[in-house]
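According to TrEMBL, the feature signal peptide maps to 1-27. Residues annotated as domain 'Ig-like' in TrEMBL: 125-234, 245-328, 347-409, 416-501. Annotated transmembrane segment per TrEMBL: 515-537, in sequence order. Positions annotated as region 'Disordered' by TrEMBL: 549-570. Sequence annotations record features per position, and here TrEMBL assigns compositional bias 'Basic and acidic residues' to 556-570.
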């Protein structure tokens with residue numbers, strides 16, 4: 001419906017003072033915009049054919065209008081009113097759609113599109129709503145720790161720069177916290193920035209913690225309304241250090257070992273299950289009624305077997321809250337008799353004992369010159385082969401590194417003993433004389449020969465093993481000689497001699513010469529016989545040759561006669 005205007009009135013003046021009418025069927029229209037975006041408001045009126053111009057205005061809280069944009073239908077020109085808050089922010093299109101850049105909270109108003117003809121003014125109102133998403137909530141002013149069974153401020157959850165204001169909710173391990181008298185208290189407050197008109201909301205939480213809150217996450221969220229409806233943003237999780245008193249004490253040995261042996265260093269560590277843990281304890285050692293005040297550790301160095309016993313620790317102010325442990329210090333003793341270097345004479349008796357004393361059953365191993373023996377050594381009558389380095393070794397298998405060993409170096413001495421033997425070569429041309437020597441330290445062997453015409457062809461020594469070795473020479477005597485073997489060490493000098501005869505050797509040589517002469521004579525006779533036989537053979541061969549030639553001539557003559565006879569018959 002249009003309002004009538006007197007023809008005598010000037011049109012523009014009348015428009016300003018006349019009462020505009022709403023187009024039938026148009027109701028309230030709301031445009032939602034995000035803070036900082038561009039607000040777009042269509043006019044929502046059908047443009048009449050006799051339109052003169054269009055204008056946009058907004059209404060103040062008291063209802064008075066403020067015109068902000070004008071567009072003529074004939075000149076197609078746009079004019080913006082001098083309104084400071086909308087300077088350089090407005091844009092009016094040909095279809096009279098108004099756009100406002102960089103939406104602000106102050107733009108949340110009632111705007112009106114006006115289309116003016118010669119006799120009517122049509123209006124279409126639009127309500128602008130501006131929304132600002134709040135910042136992600138965060139927990140600030142956090143308590144450095146919480147104590148069990150005490151109502152204490154946990155922290156503040158704050159969310160900034162929202163419009164409209166949001167609502168904060170607290171959570172423990174994902175479950176909503178509601179106020180409970182004496183256990184949960186929540187205080188909410190909001191502030192508005194005078195310049196931006198944005199809200200900052202804060203929620204403070206007081207909470208009474210228990211041991212069940214250890215490692216439990218606390219979070220908060222802010223719920224707000226935006227152009228597309230209600231949304232929620234969550235903070236990061238926070239885990240608080242919960243203080244609680246010690247209810248149990250434990251004691252342990254460091255470093256942990258299966259077994260402790262003499263000479264080890266051990267450390268006792270006492271722990272309380274409170275938070276923060278106790279820093280000092282009382283330590284009680286075996287045989288000492290008075291406790292020792294120390295930090296949570298107490299070290300014993302180079303422990304001995306008398307350190308075996310019960311050890312205890314307790315809280316400083318609560319002696320009845322204690323813990324104990326039993327420590328066994330293992331030991332191993334070995335005694336070898338005799339030990340070190342021992343020198344005995346051959347044939348002597350030497351008893352040997354290896355005595356073991358230990359905290360547990362120990363194994364014993366005997367070694368001689370790094371070779372394991374089947375049993376412990378026993379010497380009723382010493383021999384040279386008994387000399388050597390003996391080791392008695394023992395160990396506790398259950399205790400790592402607990403071993404003991406003692407050694408005996410046995411030296412068996414003896415004066416040189418000589419035995420001489422003779423061996424004749426099968427040819428009878430040489431003799432081997434052997435001087436067998438036994439003694440320790442190793443005797444030196446010297447040879448001497450009495451007589452003339454003897455030559456030493458070879459000398460040789462065997463290895464020295466178990467106090468024995470020999471020296472031998474090979475000789476070819478032309479007459480009887482005497483060989484003397486002298487053996488000498490630090491204990492004594494021993495001499496032995498052996499006569500060697502040359503008769504047997506000469507007879508064999510003569511026999512061999514006679515045999516050779518016989519062989520030579522035999523060979524000469526055989527050669528002579530062979531020559532006579534050969535001469536007779538050659539003579540007989542010549543006579544036979546003559547008879548053969550004569551027979552061959554007779555054969556040829558007969559052949560010629562037969563040929564002549566055949567010719568005559570023809």
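Just so it is clear, glycine is given a Cβ too, placed from its N, Cα and C backbone atoms.
Confidence in the domain 'Ig-like' (125-234), given as mean pLDDT, stands at 95. Helix, strand and coil content of the domain 'Ig-like' (416-501), in residues and according to DSSP, is 0 helix, 57 strand, 29 coil. For the domain 'Ig-like' (125-234), residue counts in helix, strand and coil come to 3 helix, 70 strand, 37 coil, using DSSP.
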